[in-house]
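Asker: For reference, the structure I am asking about is given below.
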Amino acid sequence: MSCWLKEKGEFIVNRQTAIPLRERNIILIGFMGAGKTTIGQLVAKKLYRDFIDVDAEIERRHGMSISEIFAQKGEAYFRKVEREIIIDLCTKTRLKILSLGGGAYLQEEVRRACLAHGIVFFLDLSWDQWKEERLPLIVDSRPVLKNKTLEEVEQLFFQRQSAYALHHSRVVLNELEAEQAAEQIVGSIKWTWDVYEPNR
Ligand SMILES: Nc1ncnc2c1ncn2[C@@H]1O[C@H](COP(=O)(O)OP(=O)(O)OP(=O)(O)O)[C@@H](O)[C@H]1O
Ligand SMILES: O=C(O)C1=C[C@@H](O)[C@@H](O)[C@H](O)C1
Ligand SMILES: [Mg+2]
């Protein structure tokens, strides 16, 4: 498989797809509460692109919150809808900024579609920081956290890392404000466009 490699940003882009880099969707992945929705909105604004939050899109289509979908239809149903929407967005849209839900990337078909058609940024936050700063902000709104002990959530956090490791570029969030993280993503993407697709 031939690749582009940007060492500075650990940037590896698969060339199998014919979509020019500048047109590919930019896809944010990472654990729940890492900041995919917040940072995705900022990236979209900076690049003058449309932003799609997959969780919000699922809520919009169902007229229900994610918590209601989990409670009334079950997690398996949610995962199926989530997978179908992401594959659809990956294969039928371009030039978007997509924020995935925290568990979406655990599905192999989702990973394959994202890596083949988009440019995938992993928003990486340490467990300690997540536990101290993000958990209190999201604990009541994420059904996956419901009825779990802190030890179980920690286990989930580390179990998921091997899926998130399959990305094109990583942003270490620990000391970054959302605005700074967005700037870093935009800088990295523009660098890649200029180097690999000059004169476009
Ligand atoms: N860089 C940051 N610094 C501090 N707080 C942040 C940062 N990014 C996001 N937050 C806050 O963390 C909370 C979760 O952020 P957000 O909803 O963007 O996460 P997410 O990754 O989209 O989560 P999910 O996977 O559940 O959709 C929000 O209250 C947001 O304001
Ligand atoms: O990490 C997860 O499994 C989830 C994260 C949220 O974004 C939502 O997609 C939902 O609450 C499930
Ligand atoms: Mg989100």
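Yeah, the Cβs are placed from backbone N, Cα and C, and that goes for glycine too.
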Asker: If TrEMBL gives GLY33, ALA34, GLY35, LYS36, THR37, THR38 as binding ATP, which of ARG112, ARG142, ARG160, ARG170 does it give for that site as well?
Answerer: ARG142
Asker: Taking the Cβ of ASP55 (substrate binding site) as the reference point, list residues of the same chain whose Cβ is under 8 angstroms away and which are at least six residues distant in sequence.
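Answerer: In sequence order, the residues whose Cβ lies under 8 Å from that of ASP55 (substrate binding site) (at least 6 apart) are THR37, ILE66, SER99, GLY101.
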Asker: If you count CB neighbours within 10 Å, which one among the binding-site residues ARG79, ARG142 has the smallest count?
Answerer: ARG79
Asker: Can you give me the Cα-Cα distance between THR38 (ATP binding site) and ARG79 (substrate binding site) in Å, rounded to a whole number?
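Answerer: Given the Cα positions, THR38 (ATP binding site) is 22 Å from ARG79 (substrate binding site).
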Asker: Given the binding-site residues ARG79, GLY102, ARG160, find the one whose Cα is closest in space to the Cα of GLY33 (ATP binding site).
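Answerer: Going through ARG79, GLY102, ARG160 one by one, the Cα closest to that of GLY33 (ATP binding site) is GLY102.
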Asker: Measure from each Cβ of the binding-site residues GLY33, ALA34, LYS36, ARG142 to the atoms of ligand 3 and list the residues where some distance is under 6 Å.
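Answerer: Checking each Cβ against ligand 3, the ones under 6 Å are LYS36.
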Asker: Less than 6 Å between Cβ and the nearest atom of ligand 1 is the rule; apply it to the binding-site residues LYS36, ARG142, ARG160.
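Answerer: What lies within reach of ligand 1, judged by Cβ under 6 Å, is LYS36, ARG142.
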